[in-house]
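Trainee: Questions regarding the structure given below will be posed in turn.
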Ligand code: GDP
Ligand code: ZN
């Protein structure tokens, strides 16, 4: 257990009115008691909520009316003593309470430090710890659900099951080889290995498939708005921000709020890329050339390409069409309230079947259709995070890919009829990569596990 007591404001995401100050550590209750007026917190039962007042012990000044939750170790998130102070008085009061706790012996927590303690104290495994970190950074409700699911241990559970499958298969094969009852034991073991590795391989592929969506939900779709000068790019930006309440995330564990602006279009989080040269790309192609601008545009997940209904297609528009070829984009023909000068048939041809939406941003027309198009570009219909176990973490994705590769090596060996003790080297590697996802690594080797679970080699 860490020696010092940490504290931080942990305001629930999206909830402006309530605020919670949390403490964790040996002195959590003592420190709170110093600034609390009400019941004697040192003597209340664990897991109780206590009404009272926060008072500045020096000036006796009332700071706020509060509800204080007292939770004794080890049945807490961090497995240390934990106190949560629910404040009524809004952010000003919260900050004053935090200051009081700091001047009475607590230390300001680093971002994620509560979670780190939970991990170090064995309360959660690594993938759960990472899920909490994702939760802290979650930008939308859906991304938050994904993080919550993962925290629930669904991913961990699935990974553990796959590992157990591999482990049992290896054990089985070992038994067959050590205690041959049939002459064709080698062949039977090969068959068993073939079936099991195929099954696990399919599961890993499924996880990797949903990984992309998970990543998008967590980080937002990097979205670039491009088009010639004056077509309505800034207007589009403003419309999207106004129509879709920008999401402001307060990051718990920091006193200074890290505020990020995202727009949430029908459950799809857009991260409007605000890099000079992308959002205002009036002359990006001309300036840096088709190839380089493609390179820049490639880094966005979605491109909103705006054209002017009131102007004929220009050379520059055609260059932009070249620059976005093969990328994910939606064509927006804006200013439909003005006289038609654009050849829409020509535009459709250039757009190669990509979605085309007509708008008059000035008269607020076509915005619904645009939002639908954005949602449909990435997800067929509304996404339901409830159905899937998301893999939303870059490290997890890398490890899954490594596990998949190792498993494929094993499968190749099986097809080539290689001896099973050679094949098992790759199966073991698969098992280890999967283990790294949940933070259960080489310290316990597969062989140790075999011994402890199946008492082989006696
Ligand atoms: P940007 O240069 O591409 O960022 O274009 P802006 O968003 O700054 O818009 C250029 C001008 O076109 C502004 O005066 C807007 O008010 C106007 N504008 C934007 N959308 C429309 C529209 O749908 N119809 C009309 N008539 N004017 C528009
Ligand atoms: Zn502009």
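Every residue, even glycine, has its Cβ placed from backbone N, Cα and C.
Note that the coordinates shown come from a computational prediction; the quantities given were computed from them, not determined experimentally.
According to TrEMBL, the protein carries these features:
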BINDING   22, 84, 123, 458  (6S)-5-formyl-5,6,7,8-tetrahydrofolate binding site
DOMAIN    220-379  domain 'TrmE-type G'
BINDING   230-235, 249-255, 274-277  GTP binding site
BINDING   230, 249, 251, 254  K(+) binding site
BINDING   234, 255  Mg(2+) binding site
Trainee: If you measure residue 234 (Mg(2+) binding site) to residue 84 ((6S)-5-formyl-5,6,7,8-tetrahydrofolate binding site) at Cα, how many Å is it?
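Mentor: So the alpha carbons of residue 234 (Mg(2+) binding site) and residue 84 ((6S)-5-formyl-5,6,7,8-tetrahydrofolate binding site) sit roughly 44 Å from each other.
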Trainee: Listed binding-site residues are 22, 84, 123, 230, 234; which sit with C-beta under 6 angstroms of ligand 2?
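Mentor: Only 234 meet the Cβ criterion.
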Trainee: Does DSSP give residue 84 ((6S)-5-formyl-5,6,7,8-tetrahydrofolate binding site) helix, strand or coil?
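Mentor: Its secondary structure by DSSP: strand.
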Trainee: Considering only the binding-site residues 22, 84, 123, which residue has the minimal Cα-Cα separation from residue 230 (GTP binding site)?
Mentor: 22
Trainee: Based on DSSP, name the secondary structure state of residue 234 (Mg(2+) binding site): helix, strand or coil.
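Mentor: Residue 234 (Mg(2+) binding site) sits in a helix per DSSP.
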Trainee: Which entry in the list of binding-site residues, 22, 123, 233, has its Cβ near the fewest other Cβ atoms, using 10 Å as the limit?
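Mentor: Taking 22, 123, 233 as the binding-site residues, the minimal 10 Å Cβ count falls on 123.
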Trainee: What are the sequence-distant neighbours of residue 84 ((6S)-5-formyl-5,6,7,8-tetrahydrofolate binding site), meaning same chain, six or more residues apart, C-beta distance under 8 angstroms?
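Mentor: Sequence-distant Cβ neighbours: 20, 21, 22, 23, 68, 69, 71.
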Trainee: For a Cβ distance below 6 Å to any atom of ligand 1, name the binding-site residues from 22, 84, 123, 230, 234 that qualify, or say none.
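Mentor: If the test is a Cβ under 6 Å from any atom of ligand 1, the answer is 230, 234.
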